[in-house]
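For reference, the structure discussed in these notes is given below.
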């Protein structure tokens, strides 16, 4: 039920949403398509005419303003007016035919104004004439014309003098009934009492009778049926039927409607909830779908008695979220939700706009835009956004977009106060701006220059055009991709193999064979007809007595098995005689999951033997070894009907046979219980035997490797076919990677002659492709608690609701890794390790074929239930109110599991090493400060400089550890204050560079002090010089937002121009070489004077270069 509009199981199609065609001009795909769903259909609406192929007319016949496309109504409508054989006098008949202008009804010709018709009274002997013979006009009415009526009256009004009807079928009109002396068992009313209008053209007859038909079909008819609500519109209580499928009107609890009455265009409930969609009905209960919350469209304005609707209290809702992204509507004031979308003509971070005058498109970078301030209280008609060419610096009238990540009302509305909305200056995610929601629905103009204006391209923000589907853009990739991404064109080819049945056979317009296929032979001069099973006759003009059978098989397996079954479907009588007409189906669970098999079963005799009690017997065999699996029995209700419609699901399960069987099957049979009815038994006969007790022997002419059921029924092995299984399949030799080839039944599979059943690791038409392999590793703590996991796959579609599929996987004992092999596209994989304990395993913005993904389930990937994150007071709020705050809660707790213990091992090692270095460095620095703090150590200049160096080293170490933890915490999203990150970006790196450089100069001063005495204040001058030479660095630093990942991290980057880059390299080299050269020269001078005076200068230089080679290597690395 409700599994697709083209998958109807009920004869009237009420198990699915209506897809019938009742609007004139709508192309009906069933007109020329004689397939099962078109043939086996009636209509679900009473008092309407069925065209027999899914199409219907809004009223019963005669219907002159509309026509069935197959013209089925034409001969039936014509017979109502032209069948006048019940009028014995031929002249009377011809006079009536002329006066009623019947020849105009079914032809385009009009009766000439001068045409002379004779009066009825001149030729008709009775007081009246009846049309038609029985009350079949619109199923209720019969017309009575008085013979004394004048010719002029017929010219002005074609309606009869009296309208007669059967009172049991139309009791609503009895009030005007009068006795006119006609003995036909009908009640008659004067036409003027029912229809106070005239009819001068038969074309408008349905308009005049529509109200009468409605009154007859809905008023006073409940006594004619014990359960009338099963067949009529419900204008009465039907709740006493205790039918769980009925819809109870919330506005009228005592009114219960059948599903026929839902969304049928007619309001039956007081508040009209029966005509709402399921989403709108859920809104009555406060259950608005998550995808419709805060999407900028008021979806539920028509819902009454709601204090809060879907677009209220959206202050904490992200404006760029997966459900509104790339829907051609700006939900963010700067249009971030429409940047970098698929199928856009612009480059990265560019908006597209169109110039109507020049008929040109422009692409404008968002960082180069600025906007004129709005007077939001006056609601200006449109926003003016200008292209900023860097020359315009006046901020009095314009707001520069590059000044902030998120544009809020305070930025573009000068009257706005900070109290209107929560500040988002420090938010990492831009939020909706409900106060300015109207701005996104107003034309926005990009003004490139005074001469060029272009408007932004967006959609119409209305609920009719809304497509609230999951968008995978910016979903990112987790774990990261290990191979190249396949292009979208390659990925889309995954879906291109499907061709619908209608596309293959639609367009056949030759109706010579009715619903059959015409063939030509004898030099194309003679036509013959191939009829479908439902028709017979020389031109397929007659319908067969038949059973229209729809079967769906359900097979569940916890392991990956290649199972193939052969289904044998037969009609049997009360003596279990099997009809020669049978059907066979090859059912492959991996291929035919959820497939519905539509079949025709013809009775052994046409017409069928009414004294026989027929039923349907279904056997199932394992196709690989032809072993018997089980049987089902289906009874045929209402066997007096010429056509029976049966639809059922059959579950394939192991058929445990009873130990005690009430049937005696002799030595050639075995007592078997039916799968679907364990209390019903039959004798399963051995090969060569049949009948109710398996005593009748028959000859088998099947091939030796096949299974003989009767003399005319054989079950073939996989590689053979034919009525006797002597023919071999020649095309089943091309499956790769040990795939098993299965021939396809052309009745159900038109695209290929065969199916390759692949091993678990492969897929494709010939098993030529490797499946996506996902290796999921569990830690020891989790693996001890579970033995089974559920893998949930979420697949997003462009214009459809996302799909959720689930598989069960067993964890092998002693292992902590499972392998999943996947062929269907997916975008999100969640692992459920116990009841409602979910972990994020994989994210894929685009599906990548044949990818090998390795991931690990860690505690920081757990998806927490909302009740674990909020207090009990919040849990008591209605869902309608709570859901508006989910994004805020998500941001507050997004780092809930990101503790240091949950970080990767490499990060933990780096944190440990850095912490040890800091501790040892801190201890060393403190001891050094304590040593040189003593006055005696500072009697000479060297001690003073070493004392300053100790403090400088401590400061450098502290700033370095601050920088390290700032990086760690920001990537863990614990530190996300943009102002703090910006100050750290500007200052910390420059301070570290200055401190390290100053330390080198202090060491150089120590070397100089050992030779000559220099004034101490020179060190301050050196420090100031170092600061000035590094002042360019913070000027060229700024923050950027990483929009290519779902985390949206913030990075500090430095960007130099070519000239500044040269200057920076020179300064770095200068500040490194100068202290180094001072140290080397002073050391050489001291060595030659005191320590090693016999060595030459060159030897001293080589010795000191060798001692300081580590510094030189660091310098070269830093420069290059």
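Placed from the backbone N, Cα and C atoms, the Cβ positions cover glycine too.
Caution: TrEMBL annotation is automatic and unverified by curators.
Note that this is a predicted model, so its numbers are computed, not measured.
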According to TrEMBL, which stretch among 944-968, 1094-1118 corresponds to the feature transmembrane segment? 944-968
Including all protein chains shown, what's the count of other C-beta atoms within 10 A of the C-beta of residue 767 (disulfide bond)? 22
Once near-sequence residues are set aside, which residues in the chain of residue 758 (disulfide bond), 6 or more away, have Cβ atoms under 8 Å from its Cβ? 735, 737, 739, 764, 767
Contact set of the transmembrane segment (944-968) with the rest of its chain, CB cutoff 8 A exclusive, min separation 6+ beyond the ends, reads 907, 911, 914, 918, 921-922, 925-926, 928-929, 932-933, 937-938, 975, 981, 984, 988-989, 991-992, 995-996, 998-999, 1002-1003, 1005-1006, 1009, 1016, 1019
For the domain 'EGF-like' (728-768), give the DSSP counts of helix residues, strand residues and coil residues. 0 helix, 11 strand, 30 coil
